[in-house]
Amino acid sequence: MSIIGKRGIHYLKNANIPPELLERGQNRVIDASLTLIRERAKLKGELLRALGGVKAASTLLGVPLGHNSSFLQGPAFAPPRIREAIWCGSTNSSTEEGKELNDPRVLTDVGDVPVQEIRDCGVDDDRLMNVISESVKLVMEEDPLRPLVLGGDHSISFPVVRAVSEKLGGPVDILHLDAHPDIYHCFEGNKYSHASSFARIMEGGYARRLLQVGIRSITKEGREQGKRFGVEQYEMRTFSRDRQLLENLKLGEGVKGVYISVDVDCLDPAFAPGVSHIEPGGLSFRNVLDILQNLQADVVAADVVEFNPQRDTVDGMTAMVAAKLVRELTAKISK
């Protein structure tokens with residue numbers, strides 16, 4: 001019979017099933033999942049190359065994963081809500097600098113990694129993280145597509161950054177906006193916890209510089225891990241002093257590019273109440289846009305994570321905030 005464990009992992013109990021039979025079935029499901037991502041990316045890449053006039057197109061890839069959250073698992077439901085808000089009729093389809101999202105050379109979409117369907121087959125997190133990495137690589141293989149990943153909890157950043165670094169052949173610089181540093185060695189015994197994603201990234205050598213901005217919930221271990229990995233941590237208690245520097249960043253020189261990871265809870269909950277971990281004293285939405293829009297960098301990929309639709313307002317306020325973040329990241333990536 002099928003049972004759900006503590007973290008939602010499905011497994012077979014009291015069933016006399018040969019392991020090789022289960023593994024073959026899992027492999028078929030994984031292959032089918034990757035085939036759909038591959039073919040959608042190939043189609044979008046072919047169309048954009050035929051259209052011409054584009055060097056980089058922001059490409060949505062959803063990763064609806066929530067089981068590595070230490071508190072609530074609602075971020076698994078975020079990708080469709082973000083997409084719905086992107087195309088909501090209450091606003092137009094332009095970015096602030098005037099790029100049109102209706103133009104596929106600016107924004108395209110290859111769908112979601114079917115996380116729950118894969119986990120329902122008993123696939124563990126080691127293999128699931130590999131599937132996410134491989135999905136990102138399939139997008140990057142199709143020039144001019146560049147992945148903009150919709151989470152999901154923050155655990156997805158590890159396999160995504162790993163894929164970007166491996167595909168580009170070297171480390172990237174990372175701009176990470178968050179209330180938390182997410183750099184615990186192994187939070188609650190889970191090496192893939194959303195609170196440990198940047199420890200895995202730094203251990204793997206996938207980032208040269210890691211700048212963390214908006215931090216206001218950090219423990220002794222978070223600071224020690226930051227020092228261990230040489231992380232540049234900018235806490236909200238000193239934001240007024242650091243603001244000019246953060247609004248004039250220049251990153252990526254000497255590496256393969258810049259990756260941006262935006263945890264929606266970097267924002268003060270007055271702007272984004274629909275998050276699992278509500279942490280007052282955060283960035284305003286304009287603070288975030290000023291940092292992103294003034295950043296001098298070749299942005300090769302990005303993610304927006306930790307929006308929890310189950311805690312959003314009735315009118316979907318945080319969904320619109322997440323969608324606006326996607327819009328402005330799209331403006332940064334596309335060219």
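For all residues, glycine too, the Cβ spot is worked out from N, Cα and C.
Curation does not apply to TrEMBL; its annotations are automatic.
The Cβ of His154 (Mn(2+) binding site) lies under 8 Å from the Cβ of Asp178, Asp182, His194, Ala195, Ser197, Ser261, Asp263, Val305, Glu306, each of these being in the same chain and 6 or more residues away along the sequence. Marked as Mn(2+) binding site by TrEMBL: His154, Asp178, His180, Asp182, Asp263, Asp265.
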Given the Mn(2+) site His154, Asp178, His180, Asp182, Asp263, Asp265, its other Cβ neighbours within 8 Å of the Cβ centroid, in chain order, are His176, Ala179, Pro181, His194, Cys266, His277, Val305, Glu306
For His180 (Mn(2+) binding site), the nonlocal same-chain Cβ neighbours (under 8 Å, six or more residues apart) come out as Ala195, Ile215, Ser217, Ile218, Gly222, Asp263, Asp265, His277, Glu279
Among Asp182, Asp263 [binding-site residues], residue with fewest other Cβ within 10 Å:
Asp263
